[in-house]
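*Asks:* According to Swiss-Prot, the record shows the following:
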BINDING   28, 29, 60, 61, 92, 93, 201, 202  substrate binding site
ACT_SITE  91  active site, proton donor/acceptor
ACT_SITE  200  active site, proton donor/acceptor
């Protein structure tokens with residue numbers, strides 16, 4: 001169970017007879033899912049959103065499947081209490097390790113980022129590189145999704161354990177980050193890839209660094225763009241698209257609200273008001289302690 005400093009129940013004020021006005025839930029381990037939120041603002045400007053960052057337990061990319069399932073169920077239980085109409089797993093690790101299991105356990109649609117990203121990649125190239133967290137790379141989720149679409153495509157995957165901590169520490173411009181990125185990209189460049197997939201929603205935040213290191217002909221796929229396109233289609237199919245003006249986005253985290261707010265302003269263009277949700281018994285990660 002959880003407790004929240006102020007987010008409880010249906011604070012959006014919609015009725016059960018107005019499911020279209022219910023919010024979309026978006027979650028990630030940290031700020032990476034803000035790349036998906038930005039796409040929702042662009043593609044679905046009428047939708048209200050609740051964003052959750054599980055910052056007390058990041059990074060997800062080094063966790064086991066059992067841990068990820070526990071975390072995801074905690075978040076989805078909380079989202080259910082917020083009366084969301086849909087949830088977007090704005091986290092590739094969760095999409096790889098938990099999506100197929102938990103989507104059978106809840107009565108609202110849950111979308112992941114991997115399949116939309118894989119479909120977009122196959123449309124662009126035949127020699128595809130995927131950079132992701134170690135857990136996503138180990139799962140082979142992108143390779144499997146791509147090969148289900150086109151088994152003739154070649155796929156190379158690289159796990160990038162240092163990227164999420166560097167991004168969460170706002171070290172995008174640090175020369176060390178460039179050197180780390182160079183080391184991760186080098187084996188893919190040697191394979192002469194024609195397409196690179198951001199296999200973690202944090203990675204678009206590194207776009208200037210990654211683009212500067214890649215050959216100019218390499219196309220970049222940001223699954224955040226394509227999962228929101230899938231959201232649009234799903235909402236239309238279910239008759240859940242909102243035609244009313246949206247309510248302000250609500251932000252909540254399991255870790256330090258102030259730290260998330262400070263990080264989020266750079267990517268959102270405004271300072272988000274962030275509230276704390278305490279999942280009982282959650283140990284704060286060492287990274288979150290370092291950031292505090």
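Going from the start of the chain as shown, residues are counted 1 onward.
Including glycine, each Cβ sits where the backbone N, Cα and C put it.
Owing to the predicted nature of the structure, the values given are computational and were not obtained by experimental measurement.
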*Asks:* Near residue 91 (active site, proton donor/acceptor), which residues of its chain come within a Cβ-Cβ distance under 8 Å, counting only those 6 or more away in sequence?
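*Replies:* In sequence order, the residues whose Cβ lies under 8 Å from that of residue 91 (active site, proton donor/acceptor) (at least 6 apart) are 27, 28, 29, 32, 33, 60, 113, 200, 201.
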*Asks:* So around the substrate site, 28, 29, 60, 61, 92, 93, 201, 202 aside, which residues have their CB within 8 A of the centroid of those CB atoms?
*Replies:* 30, 32, 33, 58, 59, 90, 91, 94, 133, 136, 164, 200
*Asks:* Take the Cβ of residue 201 (substrate binding site) and count every other Cβ within 10 Å, whichever protein chain it belongs to.
*Replies:* 32
*Asks:* Near the Cβ of residue 200 (active site, proton donor/acceptor), how many other Cβ atoms are there if near means within 10 Å?
*Replies:* 33
*Asks:* Let's check the environment of residue 60 (substrate binding site): how many other CB atoms sit within 10 Å of its CB?
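*Replies:* Residue 60 (substrate binding site) is surrounded by 28 other Cβ atoms within 10 Å.
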*Asks:* Let me know how many other Cβ atoms fall within 10 Å of the Cβ of residue 28 (substrate binding site).
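*Replies:* Step by step: centre on the Cβ of residue 28 (substrate binding site), count other Cβ atoms within 10 Å, giving 31.
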